[in-house]
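Student: Here's a structure for you.
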Amino acid sequence: MADYWKSQPKKFCDYCKCWIADNRPSVEFHERGKNHKENVARRISEIKQKSLDKAKEEEKASKEFAAMEAAALKAYQEDLKRLGLPLPSDISEPTVSPVISTVQPTPTSNQQKEKKKKKKKKEASKGGWVEGVTADGHCYYYDLITGASQWEKPEGFQGNLKKTAAKAVWVEGLSEDGYTYYYNTETGESKWEKPEDFIPHGGDVLSSKDSGKLPDTLEDAKSSDSHSDSEGEQKKAGEASTETKKLIIKFKEKNKSTEKRIGPEIQKEKSTPKQNPSNTNEEKPKTLKKSTNPYGEWQEIKQEAESQEEVDLELPSTEGECLSTSEAGVGEIKVVFKEKTVSSLGVAADGVAPVFKKRRLENGKSRNLRQRGDDE
């Protein structure tokens, strides 16, 4: 049997980046060495530092996300308040998820947190929070100093402040034709359909629901206009009321011809005796069934003839600089070719016909071909 050589097994030390013999005495001897211990301690410190940095980054990111959520929630609540929409009950303040860190907090940071808590309690005790009621009847709390709002009752809230009632944004109104529309007092928007967040009040219904009659005459419209003007003056004087009055907005002004037509109709109605209430009730729905176009009526556009006025463009004068094509064509110069006649042909004149001579070739080769020189 032939002899063969077998190598000893090797082991790679990840801390020292070197190869050692894979046996127990060699491994123990290497691990007891000073260089190996220093490398192990250095690796442990690096891992610890990386974990701390990662924890700090996660904490910073969580704080940034919480701040973004708080800002978005605040803007959303402000939009709801501006539009007069009820605040949903499932909205809660964003909470920062705690991040576990191996660094122990210093006593100075604890003192700062305690000071901040005391300041918040003092601000709450001073009466910065105000209790309000939404359109749905839910209570919320609003901070006049910081502008924050929350559903939970804050600490130190006294409860002796005035409650701020949410105002109804949409108001019901009547057009000149007797149709009901809805007007937004904040944005100025008007629509025919009843909005979802419309809040009916006792003072809103002023037309057909209370009196049972539509403003068919101009006198009723004028009285309603004066009534709305007096209400506007009362609001400006400071007599705030939670009930919003119905507004009557004129979409278009009537011409004098329509006013003249309405005049004799009013006189006829006054002169004629009152009919049975059943007949009047039958006539009212007919007037309401009048077809209305929310986009307005078609108008014919008349194109006005534009007056062609000569406008001075202050261009430079072009007199004598360029000629028109017609003038250039007329003034073209004609080229005259001269004819020359040959009187005599030399030898041919003496009665001898001309002879064409051939070229002489040197050594039987044409002259125009390149000849090889002596050097080549």
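Each residue, glycine too, has its Cβ placed from N, Cα and C.
Got these off Swiss-Prot a minute ago, pasting:
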type	residues	note
COMPBIAS	94-111	compositional bias 'Polar residues'
COMPBIAS	114-123	compositional bias 'Basic residues'
COMPBIAS	219-272	compositional bias 'Basic and acidic residues'
DOMAIN	123-156	domain 'WW 1'
DOMAIN	164-197	domain 'WW 2'
MOD_RES	SER228	phosphoserine
MOD_RES	SER230	phosphoserine
REGION	94-127	region 'Disordered'
REGION	192-324	region 'Disordered'
REGION	357-375	region 'Interaction with SNRNP200'
ZN_FING	11-42	zinc finger
Student: When secondary structure is assigned with DSSP, how many helix, strand and coil residues does the domain 'WW 2' (164-197) contain?
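Tutor: So the domain 'WW 2' (164-197) is made up of 0 helix, 14 strand, 20 coil.
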Student: For a three-state summary based on DSSP, what are the helix, strand and coil counts in the zinc finger (11-42)?
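Tutor: Looking at the zinc finger (11-42) with DSSP, the answer is 17 helix, 7 strand, 8 coil.
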